[in-house]
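Copied from TrEMBL, the annotated features are:
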REGION    1-21  region 'Disordered'
TRANSMEM  37-63  transmembrane segment
TRANSMEM  83-103  transmembrane segment
TRANSMEM  158-177  transmembrane segment
TRANSMEM  209-228  transmembrane segment
TRANSMEM  249-270  transmembrane segment
TRANSMEM  309-328  transmembrane segment
TRANSMEM  397-418  transmembrane segment
TRANSMEM  424-443  transmembrane segment
TRANSMEM  455-474  transmembrane segment
TRANSMEM  489-509  transmembrane segment
Amino acid sequence: MSEEGREPEGQEQKSHDISSASEDRNQLTYLVTDAPPWYLCIFLAIQHCLTAFGATISIPLILSEGLCLQHDSLTQSHLINSIFFVSGLCTLLQVTFGVRLPILQGGTFSLLTPTMAMLSMPEWECPAWTRNASLVDTSSPVFKEEWQSRLRNLQGSIMVASLLQIVVGFLGVIGFLMRFIGPLTIAPTITLIGLSLFESSAAKAGTHWGISAMTTLLIILFSQYLRLIPVPVPAYNKLKKLHTSKFYIFQRISILLGIVVSWLICYILTVSDVLPSNPAHYGHLARTDVKGNVISDASWFTFPYPGQWGVPAVSLAGVFGLMAGIICSMAESMGDYYACAKLSGAPPPPRHAINRGIGVEGLGSLLAGAFGTGNGTTSFSENVAVLGITKVGSRTVILLSGVFLILMGILGKISAVFTTIPDPVVGGMFMVMFGVITATGISNLQSTDMNSSRTIFIFGFSMFSALSIPNWIVKNPGSLHTGVKEVDHVLHILLTTNMFVGGFLGFILDNTIPGTKRERGLPDREHEDVSDKFSASLELYDLPFGLTSFLSSQSWVRYVPFCPWRDRDTDGRTEDNNVMLRRGSELSSHGEIVEMR
């Protein structure tokens, strides 16, 4: 090489040092199969629980309006107990028998939109007296039947709808379905989940706009402006002994910090009588004593169990609406699996692991319905993001997180505390969370060609129609008459569910209008080279407790879509793993981690 084309030796060394420093900074401290020290496991597990806190408690709080429970804080706390308990149980199932990646399970907003559409039907509209706190007797059998009948229909519909996910996962249909679902289907679906919840957010924020604005500003301050500012905390290891370490507390638990600070300010304003004590005056709901004696009335221990609200019923219309949410949840989880594998130092998950993961999520939604949480379960994207932040990909930590979630579901006093959060504080949190969900949906378009008129047309038309059609049907409730009551109910729920309308139109148009893979946001799978660096690590996706070794002697196992098969090819890797390594490489190159569902 000539002198002109060669970099100076010092410059080469500097570039090498920068490259090495970058690699060290991005290197994982603990891989999937590693187990950190017990004290670090506890800390990291609690952090994962706190990360999932905001999304987990917000679902029962939103559902309480449609279930006529807005003035029954004790039952709200029972719902929070149930969703924590089931989330922990499903996390243990997913990490142990499912996809076997360090991925937390929790409630899903994908089912929330069709649920609210179902509960808004005329026959499920809450009586006027349930909206008046002075007329509600929470111990009255009449009141209990009002909300329990709604919840029983909801949980039965969730259980039936979850069978779709179970079948799709365990029968291996997921690969066939996902080839037709691209970003132009997923983007409007997820975006409309956030947009459809603006009324709930505004209703709670409007009870005191000053408090809700303060909560929103605090969350923005912590999560955006202060997120890279470390806080020194004491730490200990054998090498450095007792020392201080940097902890990015604002980045880790920004939502929880915003809620706690606003909650504390509301308490100070309550005890000093700055906030009005008269329920008729504006701002009364910002007081921390509005929920009365819910904490003292709650028991120390509560044990959620299937059928705790009675025998589940089934609404055919609700089943079809919830199936749309299930499909959206599956599409999200597929992306979460690949992102989680990449951030935890694991190879891209093979087909049998993905099939098990989706199937176990279906079982999770079935359990969530049976326990009466009013919701299903899915993989939490925000906790996947935590893996990249902490550089700890250990599934032992997530297993411990599942145990902590179960404990939180058993401790009744803890859930009761959450229900006393003032409405405007919850509204301020919703403003941020639902805004991020909306933006997360739009971010799915980054792999498509946004300069293409085809892309702009499909997304724009799907979004506008999904806002216009449901709005018109809600304002003209008698417009759907087919002569068959059940069909009318199904059409009403589907056509008033924004995410279904947008996702359906995006799916049809994206699969019928001619377009290149670049325009559709689909990777070109024909020219991908498969790296051999993960070939020795695929055993981490095997079934636990030696089940894979036991089943390897059975020839019929090769035909079971969710079981790993040991029939190795000449390169030491199964054909199934070759295919999935290639697919994982493609998805990882396009995938982004979202920090809130």
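We count from 1, first residue shown onward.
In case you wondered, yes, glycine gets a Cβ from its N, Cα and C as well.
A TrEMBL annotation is a machine prediction, not a hand-curated record.
Residues 32, 52, 56, 59-60, 304, 336-337, 340-341, 344, 346, 349, 353-354, 356-357, 359-361, 363-364, 367-368, 371, 373-375, 377, 379-380, 383-384, 387, 393-395, 397-399, 401-410, 415, 540-544 of the same chain lie 6+ residues outside the transmembrane segment (83-103) yet bring a C-beta within less than 8 angstroms of a C-beta in it. The stretches the transmembrane segment (249-270) and the transmembrane segment (209-228) are in mutual contact, each linked to the other by at least three Cβ pairs under 8 Å (pairs 6 or more apart in sequence). Counting residues 6+ beyond its ends, the transmembrane segment (455-474) has Cβ neighbours under 8 Å at 117, 120, 184, 187-188, 191-192, 195, 445, 448-449, 480, 492, 495-499, 501-503, 505-506, 509-510, 513, 515, 519 in the same chain. Residues of the same chain lying 6 or more positions beyond the ends of the transmembrane segment (424-443) and with a Cβ under 8 Å from any Cβ of it are 54-55, 58, 61, 109, 186-195, 197-198, 200-216, 219-220, 223, 255, 258-259, 262-263, 266, 285-286, 381, 592, 594-597. The stretch in 309-328, 397-418, 489-509 that contributes the largest number of Cβ pairs under 8 Å to the transmembrane segment (37-63) is 397-418.
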